Amino acid sequence: MSNLSVGQIIMDAQRMASRVKDLDALGTALLEEAENNNRLVESLRQYQDDIESLNRISNNKTNADMVNRIQQQNINSSEILKENRELKIFIEDYERAMELMMQKYREHTVSKVLDSKFSFKELYNERMWQVIREQREKINEMAAVMQLAASVDDGVVQRELQTISQLRLENETLRELLQISKQYGSSQRPIRESDHLLEEKAVQTDSTADDSADDLSISGASVENMNNNSVIQMYSSPEQPAKVAGTTNSFNTAPVHSQSETQAPSVTLETAPPGEEPLANDNNNGPAVNTTSAPPPATTSNESVEDQATVAPAT
C-alpha cells in the first residue's frame with residue numbers, strides 16, 4: 001500500500017506540475033492580450049483627442065474659408081502635377097540623349113578596337129623574314145671569309161710546292177755534281193779517307209733532302225694554319241688589319257728567303273796533275289793524302305738543307 005501511495009503521489013505531482021505550466025502559459029497569454037488592449041485604449045483615446053481638436057478648429061472657421069483653402073490646395077496640387085509631368089518629359093529626353101551618346105560611344109570604341117587589333121600572322125611572317133635576312137647576311141660574311149682564307153691557302157700551297165720543286169731540282173743537281181766528282185776524281189788516284197767521308201755525306205744528303213721536304217711540308221702546314229688564324233682574327237677584330245697584313249706578308253715571304261739561303265755551293269775536287277807522282281806516306285805503304293784534293297766539309301748541301309728546315313718552323 002505504501003508503494004502504491006508513493007506512486008500515486010508522484011503521478012499527482014507530475015499532473016500538478018503540468019497544470020502549473022499550462023496555467024503559467026495561459027497567464028503569459030493573458031498578460032500579452034491585456035497589453036494589446038491597453039495600447040488599443042491609448043490609441044482610441046488619442047484619436048478622441050484629435051477629433052475634439054479638429055472639431056474645435058472647424059467650429060472657429062466658416063465654410064468659405066474652408067472652400068478657399070481647399071481651392072488653393074487644389075491649385076498647388078495641379079501645379080505640382082504639371083511640374084511632375086515636365087520633369088518626366090525632361091527625364092525621358094535625357095535618357096534618350098544618354099542612350100544615343102552611349103550607342104555612338106560603343107560604335108566608336110568597337111571600331112577603334114577592330115582597327116587596333118594585331119595581325120599575328122603578319123607579325124610572325126615579318127619576324128621570320130627578319131631572321132632569314134640576318135642569316136643570309138651571316139652566310140655571306142662567312143662565305144667571304146672562307147673565300148679569302150681559301151685564296152690565301154692556295155697562294156701558300158703554290159709557294160710551298162714551288163719551293164719544294166726548286167729544292168728537289170737543286171738536290172738532283174748536287175747529286176749529279178757529286179757523281180761526276182766521284183767518277184772523275186777516283187780514276188787518277190786511289191780511294192782515300194776523304195772519299196769515304198764524301199760518300200757518307202752524299203748518303204746523308206739524300207736522306208736529309210727527303211727529311212727537309214717533309215719538314216718543309218710541315219712548315220707549310222704550320223704557315224697555312226697561322227695564315228688562317230690571322231685571317232679569322234682580322235675579320236673578328238677590325239681594329240688590327242694592318243698588323244695581320246704585315247704578319248701574312250712575312251709568312252708569304254719566308255719561303256722565298258729560305259729558298260735563297262738553301263743554294264749550296266758546288267763541290268770541287270782537285271786532282272793531281274799527271275806529271276806529279278804521289279808522295280809516299282810515313283809507313284811507305286801507299287801514296288800520301290793530298291791535302292789540296294780533299295773537298296771542303298763545311299760546304300756540303302745537307303747542312304744548308306738542315307738549316308732551312310730549322311729556319312722554316314721558327315718563322
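Glycine is no exception: its Cβ is also placed from the backbone N, Cα and C atoms.
Computed from a predicted structure; not experimentally measured.
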Notebook entry, point to check: Which one of these stretches, 156-183, 212-239, shows up in Swiss-Prot as coiled coil?
Noted result: 156-183
Next item on the list: Check each of the ranges 47-68, 201-222 against Swiss-Prot and return the one annotated as region 'Disordered'.
Entry: 201-222
Item checked: pLDDT averaged over every residue in the coiled coil (156-183) -> 91
